[in-house]
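Listed in TrEMBL for this protein:
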ACT_SITE  Lys123  active site, charge relay system
ACT_SITE  Ser198  active site, charge relay system
ACT_SITE  Ser222  active site, acyl-ester intermediate
DOMAIN    63-499  domain 'Amidase'
SIGNAL    1-19  signal peptide
Amino acid sequence: MELWLICLGLFLRLANVLLKPIVAFIGGTKRTTPFPEIRNDMLNIPAVDLAERIRNKELRSEDVVRAYIERIREVNPLINAVVEERFEAAIEEARKADALIGDTQPLWLIKNYPLLGVPFTVKESCGLRGAPITGGSLARKDRRATADGEAVALLRTAGCIPLLVSNTPEYCLNWESYNHITGRTLNPYDSRRTAGGSSGGEGALIGAGASLFGVGSDVAGSIRVPAHFNGIFGHKPTAGAISIHGHFPMSTDEKFARLLTVGPMSRYAKDLPTLLHIMAGQNASRLRLDEVVCTKDIRIYYADDMGFNPGHVPVDDDIKMALYRAVQYFKGHGLATERADFEYLPEGMELAFSVLQSLEDVPSIFHHPDNPKATPSLPLELIRCALGQSRYSLAGVMFYVIFGLRHFFSADRLEMYLDRASKLREQMIETLGTDGVLFFPTYPTAALRHYESFGHIMGVGYTMLFNALGLPATHVPLGFDRNGLPIGIQIVAAPYQDRLGLCIARELEAAFGGWQAPK
């Protein structure tokens with residue numbers, strides 16, 4: 001364990017305690033009126049069922065799209081998750097889908113357009129043709145995507161209809177979705193709390209029942225943390241299973257493509273296999289999603305934290321209890337359950353940081369597309385941030401400082417941690433095999449108050465570790481904590497065994513209720 005990392009974790013936790021009254025004051029007041037209830041039954045139908053009912057002419061795509069547009073307009077003033085909508089274009093595309101259905105046999109549609117007429121939303125960083133792709137940066141405020149990101153393109157080819165692009169932090173560098181263009185996204189369950197990041201706009205919209213599913217991206221928990229904070233499902237696939245082409249920001253370092261993944265976020269677990277199959281494109285066969293998985297044959301390993309490390313953020317008791325209830329549920333149904341024992345797990349944060357430090361090309365928020373040689377003064381920008389006068393977000397500047405330092409470890413220590421990360425990956429793959437999964441906290445707490453994320457930065461080790469190891473992980477909601485905030489856990493599997501986590505997710509959804517609308 002690194003002494004400086006332990007000290008940093010303890011300092012940040014202490015600072016968070018001391019600053020809590022200030023954070024509570026500037027973070028806004030709790031909403032006093034109930035969150036708008038969902039009154040249209042079409043908004044409560046999973047994507048695969050919705051596609052079937054549209055194909056069978058029981059519902060019209062245009063009516064479904066209009067229902068989601070109405071819901072978005074109703075709730076977005078409360079959560080501020082939309083960067084830009086394309087409602088008129090979506091309605092026109094829905095009309096074309098309905099016309100195609102009127103002239104075509106259902107079997108042909110299933111084969112060629114499995115989700116024809118079903119609306120969805122897109123994280124702004126994932127690329128939607130004609131929509132903004134600013135990365136939340138004022139320097140890029142006029143930038144628009146000239147083409148769909150590959151995962152988005154595959155969904156559109158399957159017949160899905162994009163409604164909008166959603167909010168992210170600047171350059172996706174925060175676990176709170178805030179930037180100087182769109183502003184701050186709020187959690188639909190408690191407006192004083194963050195929707196998470198960097199796929200926070202997606203998390204808030206889906207959690208609010210204003211989107212059925214969305215395209216997110218995850219380099220250190222950016223799908224799973226917002227899924228956790230907003231009570232929905234989020235899947236970080238095996239590294240490389242889904243193309244990241246069309247994503248911004250991007251790096252030329254090939255290792256970045258192993259850290260960054262694009263994946264689905266949804267309200268319903270039953271939609272995840274279909275979405276993953278579509279988004280994986282040519283890689284879908286490697287995921288073997290069409291194979292039947294028998295839940296009784298899956299082995300359950302579990303750990304309620306990373307092990308002893310004073311620098312880590314402690315896992316809330318409510319989250320630990322939710323994890324134990326999930327384990328006991330499967331144990332009661334005859335599945336083999338066992339507490340996990342991985343040698344280097346307590347050093348998970350160090351292992352994740354070592355992979356980050358090994359990157360040769362890290363995207364910079366200071367890059368100006370029209371003036372690439374410009375180099376702003378870092379001390380001056382920090383002063384401007386403190387005075388509220390910077391064109392960059394404080395989180396973005398602080399992450400630039402962290403990336404700028406880069407040398408978290410000496411060369412010898414870096415080599416040691418990279419070696420340990422490789423050994424932990426091998427141990428997990430050998431232990432989990434083709435029939436095992438790991439139950440593990442997604443994040444140590446429920447949704448944080450606005451401005452609290454820096455004090456809990458070590459909490460991201462719970463998700464970032466699996467980016468560093470390239471393992472698939474599925475966040476599953478498991479109800480609420482004592483404060484009425486969504487909580488859940490992640491289900492981790494060996495590479496290309498994503499289907500095991502998705503199977504367990506659906507079982508847990510049936511047992512514990514899955515997504516539940518905010519009140």
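The backbone N, Cα and C atoms fix where each Cβ goes, and this holds for glycine too.
Note: the CA-CA distance between Ser222 (active site, acyl-ester intermediate) and Ser198 (active site, charge relay system) rounds to 5 Å. The most densely surrounded of the active-site residues Ser198, Ser222, judged by C-beta neighbours within 10 angstroms, is Ser222.
Taking a C-beta cut-off of under 8 Å and a sequence gap of six or more, Lys123 (active site, charge relay system) has these contacts in its own chain: Val165, Ser166, Thr168, Ser198, Ser199, Gly201, Glu202, Gly214, Val215, Gly216, Ser217. Here the signal peptide (1-19) has long-range neighbours at 309-313, 346-347, 349-350, 353, 408-409, 413, 452, 454-458, meaning same-chain residues at least 6 beyond its ends whose C-beta is under 8 angstroms from one of its own. Across the domain 'Amidase' (63-499), mean pLDDT in this model comes to 95.
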